[in-house]
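Read through the structure below, which is laid out as structure tokens, and then see the notes.
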Amino acid sequence: MASLLKTVVTGCSCPLLSNLGSCKVIPGKKDFLRTFHTHQALWCKSGKPGIPYKQLTVGVPKEIFQNEKRVALSPAGVQALVKQGFSVVVESGAGEASKFSDDHYRAAGAQIQGAKEVLASDLVVKVRAPMVNPTLGVHEADLLKTSGTLISFIYPAQNPDLLNKLSERKTTVLAMDQVPRVTIAQGYDALSSMANIAGYKAVVLAANHFGRFFTGQITAAGKVPPAKILIVGGGVAGLASAGAAKSMGAVVRGFDTRAAALEQFKSLGAEPLEVDLKESGEGQGGYAKEMSKEFIEAEMKLFAQQCKEVDILISTALIPGKKAPVLFSKEMIESMKEGSVVVDLAAEAGGNFETTKPGELYVHKGVTHIGYTDLPSRMATQASTLYSNNITKLLKAISPDKDNFYFEVKDDFDFGTMGHVIRGTVVMKDGEVIFPAPTPKNIPQGAPVKPKTVAELEAEKAATVTPFRKTMTTASAYTAGLTGMLGLGIVAPNLAFSQMVTTFGLAGIVGYHTVWGVTPALHSPLMSVTNAISGLTAVGGLALMGGHLYPSTTSQGLAALATFISSVNIAGGFLVTQRMLDMFKRPTDPPEYNYLYLLPAATFVGGYLAALSSGYNIEQIMYLGSGLCCVGALAGLSTQGTARLGNALGMIGVAGGLAAT
């Protein structure tokens, strides 16, 4: 429709795009200047560019692509265009698969006509690109009105033959897949709308073909672990999948080469995965850039490891205008557990899995492959509604005038403006291919990353707290504290003072640390270490054993037996506690150096023996130190971060108590 891009001037001697000199600009006429600045298309007060909406017909044909159930305009979209002034014609049955009947369209103000009449409209809106109509035996492009306008998904880089056909009809083409991903265009970004649906539907399909719950459960019949899902690609589809999977209770992991996408995964409650190699994957247009060979090798290593762990894989990686990258080899897929599910959202572009069969659902070596290329169409009502909203908002945005339909295509435009949206979306103008769009001006640039000096890197390295240094600091602090306890016992004026300090210390600390804020997951380890500490009943047995090498009486024999049983309780309690805590340990956790806690234990017990040999009576303070360590053990077992420290303190406390008896 070439006339849409030309100026229709009534009552004015100056056309819009030429002979500007014939319009007389009178200095000082503020109302002319105001008119010019209010709408740059209104060069003369008496005329407007474009064609009145009431003279234009919008056609909505029925989609003929195999299994396509969507329709370009919903009844609500038709109503919006009719209100704007357009006449709308809809092919009979166009919306049936989307649950929109012909009566719904009639009620919205549309006329129902045949395919040929609809395709001959001034402005045709479609979902799929034009193709051969098997019923009519002719290509849809050949039925378009000469110099008409087409709005549809086109994918111009992949369809040069289609562009040639449209060029023969002098068509102006707006490709919905080329809408720039800028803030101003979010309302008509059809790719994002469809990707959102595809991401959600991918999780629903995966759940349907997965043989377990997504959420973990503990029932009388047994424990059910949660499903583990890896989502590759933090775009709209990937984030939609992450949100849906997380809401269903699954353990979700997300991978992307862009730091911003990883942050978005994290905000949804997913665990962001990264490779050891640091490299930014930020690219143009909301897509990730191609990474280096070293990064890809590290990425493949990560994927190979994850395939052995996760139950469901959802991949969304696409490269604009190119075949989708193969991220998962056949060997990786075959390493997955039997019953696993993979969903390839890039199947239409070739697929991210080497084993993907585009458009098919099949099982390979026990792994279910979902390679459907029509996921948005499988939620046709929702997809059609959103796509219709995208189109109606786009038409209103590119032609904001209330009376006439007009938009101007410029090669000179700023980033993020309406000119950017129009130039990026229009891939053909009056039959002339103008794809791809030129680079916009004033593209926002991120602040350059200042390289760090050698001195700064060394300072960061020195400031890094290693696991050894962290444990050593904690052990030193407890060594100092227990040494202070021994010193307090030495300088105590009498036994009564030591007894009062013991009572005061225990009374002030025991209640708070033993019952406040215990993590539910640590109830069992806490009870186990409590069981070990209760083994201090061995102290009573020691006191009744008589002090001989062998028991000489029945009571001494029973005391020895009680001591032995309590010792088993002590050793077994601490051992079981440690094993329970090891169950919480992940492969990615830093190494532990718990043997360093032998330092405060040796200082405590050895210091007591040294003081005892020097004639000092510090048993009461030893009881205090041992009691505090036991209380500290219970407190430590109340949170995961200090649980292992708590177990070590329990051992120190029991050892000190036994040594002082």
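Placed from the backbone N, Cα and C atoms, the Cβ positions cover glycine too.
These numbers come from a predicted model, not from an experiment.
Taken from TrEMBL, the feature domain 'Alanine dehydrogenase/pyridine nucleotide transhydrogenase N-terminal' covers 59-198.
Panel annotation: around the transmembrane segment (477-497), residues 597, 599-600, 603-604, 607-608, 611, 616-618, 620-622, 624-625, 628, 649, 652 of the same chain, lying at least six beyond its termini, place a Cβ under 8 Å from a Cβ of the stretch. The annotation transmembrane segment is assigned in TrEMBL to 477-497 (among others).
Under the heading transmembrane segment, TrEMBL lists 504-523 (among others).
Positions annotated as transmembrane segment by TrEMBL: 529-550 (among others).
The transmembrane segment feature in TrEMBL is assigned to 557-575 (among others).
Sequence-distant contacts of the transmembrane segment (595-616), counting only residues of its own chain at least 6 positions beyond either end whose CB sits under 8 Å from a CB of the stretch, comprise 468, 471-472, 475-476, 478-479, 482-483, 486, 489-490, 622, 625, 645, 648-649, 651-652, 655-656, 659-660. Here TrEMBL flags 595-616 (among others) as transmembrane segment.
Per-class residue totals from DSSP over the domain 'Alanine dehydrogenase/pyridine nucleotide transhydrogenase N-terminal' (59-198), listed helix then strand then coil: 56 helix, 25 strand, 59 coil.
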